[in-house]
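Report on one structure; see the data block that follows.
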């Protein structure tokens, strides 16, 4: 009996050591990749200076940013790793080489990402910012430790301010719970704070993802469609030298818009000129077709999820303690459906990042190669961590995957509100459909039809089926 207990304890110990080694190796690889990315964008002058103290402070802040960016990448990979692990265990249920891949490892990864996300957002990134901006208290001895003391004091004051705001908010919303849990910092207030941050991230994803989809369609469409320039207006503008009198002599508003449009069309035309025939005739149409297919699949899955929300309570996002990997597929289409889910999750993340950096509010944060200062790097790492840590909740709320949220990711208070989840799905479907119909114009569709040879089919299109605005625009372009 004692031998059995010892063997069980040894097995548990070996499993814990194995999971720790796997997590450390995974995070080490991500850390190295993220460090290379940040060194590619950082401003070299901030790290090679005569002031050794400033260089040391900047290096420490860069290491903290690298850690935060690694956590963000790991948060993006949480759902893909979980879904693919389940499919691998379904394919090789009794394989000796797959015994290390189990529910305990996946659950541990989710808990570590949640812990490190809280740590980075609440402590590390504010400390990195205060550390780079601090100079030490007046009258104290200058040095790195003086900056550390000042940054720690500022961080403590910020933490007290934030916790006070969280307590007031929780008292307004949940009066009894707030009074009973006044000293319950770890079990109530930190998850409550992170729930608010996650809600902000999910709302940010709701706005940035359709905007990013629209931006990607616009860029791909500009490469696909041959730009047409209003040469009459351009010539008139060039005669006047682009001076303001040009806008007065000819229709001022029309000329100003046309001049700005000419600049963007010239860039698109230059890219088309440098592209090879394979890129123009196959690459760009195929890229547009892939974007269309992925976006349509996202909208259809969200619409299907809306119907399920109305008919079945189990469609609501919820948390689970044991993932039960290797029992059943999380897609009704098996491994193929699981692979599609992974592609859609990564596609939505890329779209949200594109929309975030394309929006007027955050376009100033766009990093520049070898010319991004440390404050911008900190802001970028915080923004990417907020977006990526909300991605699992975002994907499960929209019904992109059926993999329920593990650990503390499923403890958010607003996840159980049917009206919030339903309205969120409807808004995403509406915004994405609007961006799709706005950016996929008649010219883009015509170029797609021509690129894939569908224009050679014996299909007649009457002029009555073409909108009057398109006919009028075509006539005006021929006159001009």
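Each Cβ is built from the backbone N, Cα and C atoms, and glycine gets one as well.
The transmembrane segment annotation in TrEMBL covers 20-39 (among others). Packing against the transmembrane segment (20-39) from elsewhere in the chain are residues 62, 65-67, 69-70, 73-74, 100, 105, 108-109, 112, 377: each is 6 or more residues past its ends and has a CB under 8 Å from a CB in it.
Taken from TrEMBL, the feature transmembrane segment covers 60-85 (among others). Sequence-remote contacts of a segment are chain residues at least 6 beyond its ends whose Cβ falls under 8 Å from one of its Cβ atoms, and for the transmembrane segment (60-85) they are 26-27, 30-31, 33-35, 37-38, 42, 47, 101, 106, 109-110, 113, 116-117, 120, 124-125, 127-128, 131-132, 323, 325, 330, 338, 341-342, 345-346, 349, 374, 377-378, 381-382, 384-385, 387-389, 391-392, 395, 401, 403, 406.
If you look up TrEMBL, you'll see 105-131 (among others) marked as transmembrane segment.
Residues annotated as transmembrane segment in TrEMBL: 152-172 (among others).
Per TrEMBL, transmembrane segment is recorded for 192-213 (among others).
Here TrEMBL flags 282-307 (among others) as transmembrane segment.
Long-range contacts of the transmembrane segment (327-357) within its own chain (CB-CB distance under 8 A, at least 6 residues past either end) are made by residues 76, 79-80, 83-84, 86-87, 90-91, 204-205, 207-216, 294, 297-298, 301, 363, 365-366, 383-384, 387-388, 391, 394-395, 400-403. As annotated by TrEMBL, transmembrane segment applies to 327-357 (among others).
Annotation comment: TrEMBL describes 377-394 (among others) as transmembrane segment.
Here the transmembrane segment (414-436) has Cβ contacts under 8 Å with residues 195, 199, 202, 206-207, 209-211, 213-214, 217, 292, 295-296, 298-299, 302-303, 305-306, 309-310, 316-319, 393, 397-399, 405 of the same chain, all six or more residues outside its ends. What TrEMBL records for 414-436 (among others) is transmembrane segment.
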Recorded stretches the transmembrane segment (105-131) and the transmembrane segment (377-394) touching, at least 3 CB pairs under 8 Å: yes
